[in-house]
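A.B. asks: Here it is, the structure, as structure tokens.
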Amino acid sequence: MAKFPITLSRFIIEQQAAHPEATGEFSVLLTQIGLVGKMIAHDLRRAGLNKILGTTGETNIQGEVVKKLDQIANDTFVRVFEHSGLVCVLASEEMEKPLKMVHEGAKYMLLVDPLDGSSNTDVNMPLGAIFSIRRSKLGQRQPVEDELLQRGTEQIAAGYVLYGASTMLVFTVGQGVHGFTLEPSIGEYLLSNENIRIPSKGKVYSVNEGNYHRWPSGTQKYLDSLKVQDKATGRPYSGRYSGCLVADVHRILLGGGIYLYPGENDKPEGKLRLMYEGNPLAMVVEQAGGKATTGTMRILDVEPKALHQRVPLIIGSAEDVSQAEAYIQGRA
Ligand code: AHG
Ligand code: MN
Ligand code: MN
Ligand code: MN
């Protein structure tokens, strides 16, 4: 018999009941992230009709062309959290400096990639949003940037919204990973993927292979190895790459395999951002039983030096990621 649907709010309230010391603010914070997801999903559904495709003409701190939807998604996070009293600082891929929010006693720091996969905006392909939540010990008494620059192990929650064929909210508060699907007719997220476990090995690789000739030889050899015909080891792997990190990692979280945005010979730091992309996805994937590495060290242990710092990201099934590390480190 089908179980009565569990809404996001009910799930959060039940989880909170196990922590009598909790004030409920954190639960509201997660619900508000869900709200941002609903608002953006609403915009995306009719984006091609409402003249919100294309670029703003600006360039962001990452040196990237800003899409109108990047701006809209960032503004939505700001609007939802500005007067919420929940977060004392909001840091975003799209904002050079963290935005301080004047609220006495707001405990949380929120870091976001407000719209992930923005090259997909104009072609009706999947998009996402990524979030990382940390607890502030200092409030606003200290320069905010210093407190934000802590390792990924300090995250207390992380997750993403995937705007695909349906909208999903996937998150962890350090006790497993749970997925909720937005039921548009009632505007509620319903539990659809409880306690997600990533397979220990997969058959899919996800990487922008156009960059092959820029990679160090260990990375090239690893990719070559995935194409070898060998039934016993499940090779060749299938290649799947959407250009949206959230969507590509989501596929691997559910079905197993490996996602790579590796370091390049002339750009050893890779492309993706440690604080907004690498750390939150690493927490999710580790909580589901997988691994996330730079090639030489665990992502969550990387000591951040700057808010917009980039990091090579190799993430997915534990066995696949360990194998990639062996090649990158010259051990295979
Ligand atoms: P964002 O849209 O937030 O800037 O992120 C883009 C990222 C990520 O979504 C994707 O995996 C990757 O960049 C795609 O990069 P390439 O076009 O170089 O493959
Ligand atoms: Mn970007
Ligand atoms: Mn991104
Ligand atoms: Mn982005």
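Just so you know, glycine gets a Cβ as well, placed from its N, Cα and C.
Remember, predicted model here, so these are calculated numbers, not experimental data.
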A.B. asks: Where TrEMBL shows ASP113, ASP116 binding Mg(2+) 2, which of GLU269, GLU277, GLU286, GLU303 is named for the same site?
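C.D. replies: Only hit among GLU269, GLU277, GLU286, GLU303 in TrEMBL's Mg(2+) 2 site, alongside ASP113, ASP116: GLU277.
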A.B. asks: GLU93, GLU94, GLU96, GLU104: which one does TrEMBL list with ASP113, LEU115 for the Mg(2+) 1 site?
C.D. replies: GLU93
A.B. asks: Of the candidates TYR108, TYR241, which one does TrEMBL list alongside ASP116, GLY117, SER118, SER119, ASN208, TYR259, LEU260, TYR261, LYS271 as binding substrate?
C.D. replies: TYR241
A.B. asks: Which binding-site residues from the set ASP113, ASP116, ASN208, TYR259, GLU277 have a C-beta atom lying less than 6 Å away from ligand 1?
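C.D. replies: Going through ASP113, ASP116, ASN208, TYR259, GLU277 in sequence order, those close to ligand 1 turn out to be ASP113, ASP116, ASN208.
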A.B. asks: Run through SER118, TYR261, GLU277 for me and report the binding-site residues whose CA is within 10 Å of the CA of GLU93 (Mg(2+) 1 binding site), in sequence order.
C.D. replies: GLU277
A.B. asks: Long-range neighbours only, meaning 6 or more apart in sequence with Cβ under 8 Å: which ones does TYR259 (substrate binding site) have?
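C.D. replies: Once residues fewer than 6 apart are set aside, TYR259 (substrate binding site) is near TYR205, SER206, VAL207, LEU245, ASP248, VAL249, ILE252, LEU313, ILE314, ILE315, GLY316.
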A.B. asks: Of ASP113, ASP116, ASN208, TYR259, TYR261, GLU277, which binding-site residues come close to ligand 3, meaning Cβ under 6 Å from one of its atoms?
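C.D. replies: Checking each Cβ against ligand 3, the ones under 6 Å are ASP113, ASP116, GLU277.
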A.B. asks: Check the binding-site residues ASN208, TYR259, TYR261, GLU277 for any whose Cβ is under 6 angstroms from an atom of ligand 4, and report them in sequence order.
C.D. replies: none
A.B. asks: Check the Cα-Cα distances from TYR261 (substrate binding site) to the binding-site residues ASP113, LEU115, ASP116, GLU277 and tell me which is shortest.
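C.D. replies: Looking at Cα distances from TYR261 (substrate binding site), the smallest one goes to GLU277.
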